């Protein structure tokens, strides 16, 4: 095989294995914006003083961004001419939050490194810092993503996992993004902190699957607690802790909760309660070893952050995360 054929084969293999991510690098901003981590951490620490949920909100933004046309900051765009915002998609509207903190981070970075750090990379580093500040693992964030010049509201409606889906449906959505069952269980572990609105799980409490009965996989005592928080036909925007034992800390209690039938969302509990599912063993593994969960979570965050980034000359570096450059 000639050298040109070898190169072509290598490029093809790289593309199949996610070679578009090859330009992402942990050292991408070492020269152009060396203080990015400390600047972002300072903003998030300040935000924590007024919003205990900000860590969970920021990592959710990154997740919902990456699952729609890749990690390109598209979720941050407001409605504009030719842009139907992903913020108005069903999984996001009146649900995702943290945008003002992203704007604060962007402003702080623009003051120090104007036109350098993308909004997509802000979501990646903000997620890592948010998890670390809550007691979770740290990992080496890869940088070099660029920002999209459009949004994909239809993709947000179709591609983001929802709390009303079966394990089979959720697994397919992860598979579509090149993520496996370990990624699914590990990333679901982000529900070790944060809250969920009653409207996302109340269907489990009273008339599950038109059975006139609650979801049988909910622990009876936990069911009573949830019914008290979310009465039938009550306010669907009331929130409950995703992790009832340590609601604001990042640990592996989420997985022991699942073992005890105390998963809040249908998609949480199904990881453990779906007969024959390969996710059961992974839940048990993470429940028994927080360090194994932390290691897997860090790797899965890197895997998710590598979904179809815009690099090189693709996209742009937005000056304002809410709108494309003029």
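Cβ coordinates are placed from backbone N, Cα and C, and glycine is handled just like the others.
Here TrEMBL flags 33-113 (among others) as disulfide bond. Its Cβ taken as reference, residue 113 (disulfide bond) is surrounded by 16 other Cβ atoms within 10 Å in the chains shown.
There are 23 other CB atoms within 10 A of the CB of residue 64 (active site, proton acceptor), with all protein chains counted. What TrEMBL records for 64 is active site, proton acceptor.
Residues annotated as Ca(2+) 1 binding site in TrEMBL: 65, 68, 70, 72, 74, 86.
For 66-71 (among others), the entry in TrEMBL reads disulfide bond. Under a cutoff of 8 A between CB atoms, and with a sequence separation of 6+ in the same chain, the neighbours of residue 66 (disulfide bond) are 177, 304, 305, 307.
What TrEMBL records for 119-321 (among others) is disulfide bond. Residues within less than 8 Å, Cβ to Cβ, of residue 119 (disulfide bond) and separated from it by at least 6 positions along the same chain comprise 73, 76, 102, 106, 147, 318, 321.
The annotation substrate binding site is assigned in TrEMBL to 161. Other Cβ atoms within 10 Å of the Cβ of residue 161 (substrate binding site) number 20 in total over all chains.
According to TrEMBL, the disulfide bond annotation covers 198-230 (among others). Neighbour density for residue 230 (disulfide bond): within 10 A of its CB lie 23 other CB atoms from the protein chains shown.
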Of 33, 71, 161, 198, i.e. the recorded positions, those within 10 Å of residue 64 (active site, proton acceptor) when Cα atoms are compared: 71, 161
Set of same-chain residues at least 6 away whose C-beta sits under 8 angstroms from residue 65 (Ca(2+) 1 binding site): 71, 72, 73, 74, 75, 76, 120, 123
Ca(2+) 1 site, defined by 65, 68, 70, 72, 74, 86: further same-chain residues with Cβ within 8 Å of the Cβ centre: 64, 66, 67, 69, 71, 73, 75, 120, 148, 151, 152, 155, 156
Neighbouring C-beta atoms (10 Å sphere around the C-beta of residue 33 (disulfide bond)): 18
Fewest other Cβ within 10 angstroms of its own Cβ, chosen from the binding-site residues 72, 86: 86
When distances run from the Cα of residue 198 (disulfide bond) to each of the recorded positions 33, 68, 70, 113, 161, the nearest one: 161
